[in-house]
Amino acid sequence: MPPRAPPPAAFPSLDAYYLHHLRSCSTPRHAAAVHAHVVRAHPFPSLFLRNTLLAAYCRLGGPARRLLDEMPRANAVSFNLLIDAYSRSGQADASLETFTRARHSVGVKADRFTYAAALAACSRAGRLREGKAVHALAVLEGLTGGVFVSNSLVSMYARCGDMGQARRVFDAAQERDDVSWNALVSGYVRAGAHDDMLRVFALMRRSGIGLNSFALGSVIKCCAGSDDSVRDIAAAVHGCVVKAGLDSDVFLASAMVDMYAKKGALSEAVALFKSVHDPNVVVFNAMIAGLCRDGAAVGMDVLREALCLYSEVQSQGMEPTEFTFSSVIRACNLAGDLEFGKQIHGQVIKYCFQGDDFIGSPLIDLYFNSGCMEDGFRCFRSLPKQDVVTWTAMISGCVQNELFERALTLFHELLAAGLKPDPFTISTVMNACASLAVARTGEQIQCFATKSGFGRFTAIGNSCIHMYARSGDVDAAVRRFQEMELHDVVSWSAIISSHAQHGCAREALRFFSEMVDAKVVPNEITFLGVLTACSHGGLVDEGLRYYEIMQEEYALSPTIKHCTCVVDLLGRAGRLGDAEAFIRDSIFHDEPVIWRSLLASCRIHRDMERGQLVADRIMELQPSSSASYVNLYNIYLDAGELSLASKIRDVMKERGVKKEPGLSWIELRSGVHSFVAGDKSHPESNTIYSKLAEMLSKIDKLTATDTSGTKSDDITRNEQSWMNWHSEKLAVALGLIHLPQPAPIRVMKNLRVCRDCHLAMKLISKSENREIILRDAIRFHHFRDGSCSCADYW
């Protein structure tokens, strides 16, 4: 055995010398160096020194387990250190295994700290079963009577979600302190049991327990996360904070600002913020986030105030955090201030937050909402780690900017990256399928949602209803609606709008009555579906009655869409004068879209004089829109005024107004196939035109013997050739080639179907004995056996 080295002069012993160096260690390497020196120069280190070295390894990282194994003698402190270290690092199994080893080690007596550390490991990992076993052992050892272990038990049960057992342990405790009360209060907050939390808080006050920032912070968090019914309680809690003399605590100040903002009490939040002496960046973060929590409700002035607060953060020399930037970018997004948002983006890069996921998603939203797609993609690609939230932001941005195919591609890339989408991601992708009307792809995503355990989510069900309805399968939409366990206002609105778009007016109104009977309060979108149903079904009196009910019984203000539906309702019924008077009395009389609805009705009822005046009004309001020119051209053409129609085309050329090209598409097993008029780019073009010629030949034979008056007299021979090549006819021809006999042919079009194609679809459905479902820009048309579901009321 080597002789003991003398200690340095400044230290009374070698233990003191090494303890001094261990306390100053900041890295595992430093701790290992001291350890090596101890092994070489100190043959008889005390247990206290070994435990201190063990604590350094536990704190900094190192071979703590090996050191414990090599220690000639250990005590409860040694094991407690390792149990706690494993617990804090998330290694619950290793922590509990060390606890078991401590209980069976010779010469070691597990104490209250040992059991508290084991309970903390169960608490952090949510191991309720193991926690109950540790509880039982603590009872056998007679340790549950002490406040230290009982507090750990309350915290463990609360964190594992068993509030009933947590309350029983709390009530049975022989001694309680403020930690006991805080653990129970925070447990009820975490469980969302707001009423129980408030009762415990009141009991705590009656028991004379002093309030601290932790307990009050939990109560404030509860008030912030609950409904409006506890707004008065929130004010009472604020009073408790003041009485306790903690109103200057910045932690509580930020929590109360957040609480008032979430309750919609912005004036109280602002007043509290201004009363805080020397607020730090956390308080500023809470106020900025509160101001932009609901952009639609607070208005632009409040959003501007949020941006000004960020400037104040900078002027006071505070360093913004990722929460600061996230809230400010959201404010820029809601305010539509792209330029200020770009400046904030520059600040994000300056403070090295460009790789932060918490900031990446709001930045992507900012650029996508402003239509800057490439900037959004660059932000996404610059993130070192793309999580589900950022992928969802990308997919949502593509859907918002009508890049539906790109959204589906991103979804497949998300899956290929090994990430699991959440319900919001799936709902967004379903909306992309709805817009593309690709039912087959939508069905696959629905199956994926069901396999992932999201099938029962109401939001997923709502998206399925929308997807099936937009894809032309209203029966599937009804089945999905009936399978749902819970119907919210979105569910009812979706099923009502589905029937409205398919021309099933009476069914839509029946669902509305069922919705009212179910005590679900309709909103603006619900009534939009109801008015659309009445418009497409020719139910004028019912539509006007529901328009009054919306305002008088539900206090809903009509939007431009509601008013356009009323104009369409009156116009389709031939009440053009009433429709025009309604527009002039409306607050939306300067909106082109409402006049376009009247112009379409003028064409239906061949009112050329009124149509010309309405078209002039639209051209005055929106001279670059092609819709008014095209409608007026068709009105002149229907009236036989070819020279006037020709002049309209000349005016369009002079003004550089171009008609949006018609595009139709159909989904087959091989994918989505799209066409424009006269399109010959398809690989099966020759086969398609041969099938189209065959179809038209059958129609000619059918109309030659038809005495029902279905043949159109409005189409001249010169126009007929080009109309025969319209995009929807090409899509139908491809569907007839590839789809089996029982399958309906579903075709989607971006523009309103013309009269010739509408007539042709009726005749094709009869000659080919096939059901054809055509979605145009206005509604769905179901063609069966020579007739259409719209009954030519479109």
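Glycine is no exception: its Cβ is also placed from the backbone N, Cα and C atoms.
Across the domain 'DYW' (713-794), DSSP helix (H, G, I), strand (E, B) and coil residues number 32 helix, 16 strand, 34 coil. Annotation source TrEMBL lists domain 'DYW' at 713-794.
Feature annotation from TrEMBL assigns repeat 'PPR' to 75-110 (among others). Nonlocal intrachain contacts for the repeat 'PPR' (75-110), taken as residues 6+ away from its ends with a CB within less than 8 angstroms of a stretch CB, comprise 47, 50-51, 54-55, 58-59, 64-65, 68, 117-118, 120-122, 124-125, 127, 130, 134, 137, 141.
Residue counts of the repeat 'PPR' (177-211) by helix, strand and coil are 27 helix, 0 strand, 8 coil (DSSP-based). Taken from TrEMBL, the feature repeat 'PPR' covers 177-211 (among others).
Positions annotated as repeat 'PPR' by TrEMBL: 280-320 (among others). Residues 250-251, 253-255, 257-258, 260-262, 264, 266, 269-270, 273, 327-328, 330-332, 334-335, 337, 340, 344, 347, 351 of the same chain lie 6+ residues outside the repeat 'PPR' (280-320) yet bring a C-beta within less than 8 angstroms of a C-beta in it.
On the 0 to 100 pLDDT scale, the repeat 'PPR' (387-421) averages 91 in this prediction. What TrEMBL lists as repeat 'PPR' is 387-421 (among others).
Residues 458-459, 461-462, 465-466, 468-470, 474, 477-478, 481, 528-530, 532-534, 536-539, 542, 550, 554, 775, 779-782, 789-790 of the same chain lie 6+ residues outside the repeat 'PPR' (488-522) yet bring a C-beta within less than 8 angstroms of a C-beta in it. Taken from TrEMBL, the feature repeat 'PPR' covers 488-522 (among others).
Counting residues of the repeat 'PPR' (488-522) by DSSP class, helix then strand then coil, yields 26 helix, 0 strand, 9 coil. DSSP states for the repeat 'PPR' (387-421), grouped as helix (H, G, I), strand (E, B) and coil, give 26 helix, 0 strand, 9 coil.
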